[in-house]
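Novice: Here it is: the structure, laid out below.
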């Protein structure tokens with residue numbers, strides 16, 4: 001593809017799309033800190049208990065993960081910046097805000113939990129949201145015939161961040177592999193004193209990766225135009241006129257997708273945020289639990305590419321139905337894993353869970369791009385991401401108020417029920433108004449070619 005970008009146009013034409021993907025992945029790796037929350041939260045809650053809140057419980061820190069999952073306003077801002085000034089400008093703005101937020105957590109964590117929520121959960125989250133919604137549509141425009149695959153690779157970088165960050169955090173904070181006490185908290189002072197400094201280490205790492213990745217994030221030449229879209233649940237190609245954002249927000253298609261993502265995201269936040277605290281009940285080695293975080297991030301990243309390709313070749317309903325079914329079964333099986341008390345079985349279960357996380361955040365961008373047109377993707381996906389914030393509120397309330405009453409085992413059963421609800425919503429999405437409109441548009445554009453065969457226009 002052609003481009004006016006001063007850097008990309010110096011590269012061979014065939015290498016340009018792949019250069020954008022590499023640059024996007026390098027940036028997205030740094031924003032994947034949210035998937036290290038399961039590894040990081042036990043250190044943070046132990047630090048807060050040591051410094052200022054002796055009665056703090058692990059479930060209370062799920063709010064940090066909730067905020068890190070993305071703020072909807074940041075996604076919308078990023079979409080608008082990307083449409084107006086291009087992907088590199090949005091990614092640069094988001095990266096600066098994000099890295100400042102993470103680095104300043106060195107000071108805020110020594111002050112209070114509220115200050116930590118502000119810097120890491122607020123400032124850093126806004127920055128990552130802006131960059132996320134700028135990089136993703138930019139990369140997808142370079143691969144118009146493989147939107148799901150391109151989106152899967154970019155989002156795979158986001159999921160792969162924990163592969164680097166989880167061992168970095170554990171090696172820096174707990175190099176001697178200290179064990180938690182009977183209550184599940186670290187009490188070794190030399191370990192706890194290193195907790196604030198890990199944010200300085202991560203911010204340096206982020207700066208290096210982002211500085212390299214931003215060089216290659218550029219736009220292809222030409223305006224965004226009306227494109228051929230894919231019908232929900234089929235491989236039929238139809239042409240859908242671009243629409244304004246507001247009418248699309250009022251469709252039942254958007255509502256069903258919003259509710260489905262909410263259910264998936266509740267499952268994601270509870271399982272990814274609490275798996276380590278649950279594993280500490282029957283696994284002693286902190287290094288092994290950190291290893292689980294690293295290996296599961298590979299499944300998280302790889303599955304995003306895999307599910308993106310599956311969605312491209314099948315449909316949203318087919319791919320999401322498998323993700324929801326598998327996620328529900330895995331959640332229901334977590335109490336049995338503890339009964340068996342097998343380290344390898346726990347590792348396998350968590351890895352498969354993270355493959356479902358990757359599927360969730362690969363397939364939803366795919367269906368957003370297909371349903372609401374390329375022109376509106378970044379803004380519409382920003383609004384759809386509001387579901388993640390709603391899910392964060394639900395997950396936070398459950399972990400804060402219900403976890404101590406019902407325990408981890410029943411918590412995972414509740415998680416499975418959320419996935420079953422999403423599965424039902426996936427089955428009915430083809431009955432929504434936009435889906436019916438797409439069917440009508442398909443019928444209107446059926447014509448007979450010169451050989452008498454029907455073709456899609």
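Yeah, the Cβs are placed from backbone N, Cα and C, and that goes for glycine too.
Pulled from TrEMBL, these are the listed features:
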type	residues	note
TRANSMEM	18-41	transmembrane segment
TRANSMEM	61-81	transmembrane segment
TRANSMEM	88-107	transmembrane segment
TRANSMEM	113-135	transmembrane segment
TRANSMEM	147-168	transmembrane segment
TRANSMEM	195-217	transmembrane segment
TRANSMEM	254-275	transmembrane segment
TRANSMEM	287-306	transmembrane segment
TRANSMEM	318-338	transmembrane segment
TRANSMEM	344-367	transmembrane segment
TRANSMEM	379-398	transmembrane segment
TRANSMEM	410-429	transmembrane segment
Novice: Would you confirm whether the transmembrane segment (254-275) and the transmembrane segment (318-338) meet the contact rule of 3 or more C-beta pairs below 8 angstroms, pairs 6 or more apart in sequence?
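Specialist: Counting Cβ pairs under 8 Å (6 or more apart in sequence), the transmembrane segment (254-275) reaches the transmembrane segment (318-338), since there are 3 or more.
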Novice: So which of 18-41, 113-135, 318-338, 344-367, 379-398 has the most C-beta pairs under 8 Å when paired with the transmembrane segment (147-168)?
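Specialist: Looking only at 18-41, 113-135, 318-338, 344-367, 379-398, the most contacts with the transmembrane segment (147-168) come from 18-41.
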Novice: Is it true that the transmembrane segment (379-398) and the transmembrane segment (88-107) have 3 or more CB pairs under 8 Å, sequence gap of 6 or more?
Specialist: no
Novice: Out of 61-81, 88-107, 113-135, what stretch is closest in contact terms to the transmembrane segment (195-217), meaning most Cβ pairs under 8 angstroms?
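Specialist: By Cβ pairs under 8 Å, 88-107 leads among 61-81, 88-107, 113-135.
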Novice: Taking contact to mean 3 or more CB pairs closer than 8 A (sequence separation of 6 or more), are the transmembrane segment (113-135) and the transmembrane segment (61-81) in contact?
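Specialist: Yes, since the transmembrane segment (113-135) and the transmembrane segment (61-81) share at least 3 Cβ pairs closer than 8 Å, they count as touching.
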Novice: For the transmembrane segment (318-338), could you work out the same-chain residues 6 or more beyond its ends whose Cβ comes under 8 Å from its Cβ atoms?
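Specialist: Sequence-remote neighbours of the transmembrane segment (318-338) are 233, 260, 264, 267, 271, 278, 281-282, 307, 310-311, 345-346, 349, 352-353, 355-356, 359-360, 363, 367, 408-409, 412-413, 415-417, 419-420, 422-423, 426-427.
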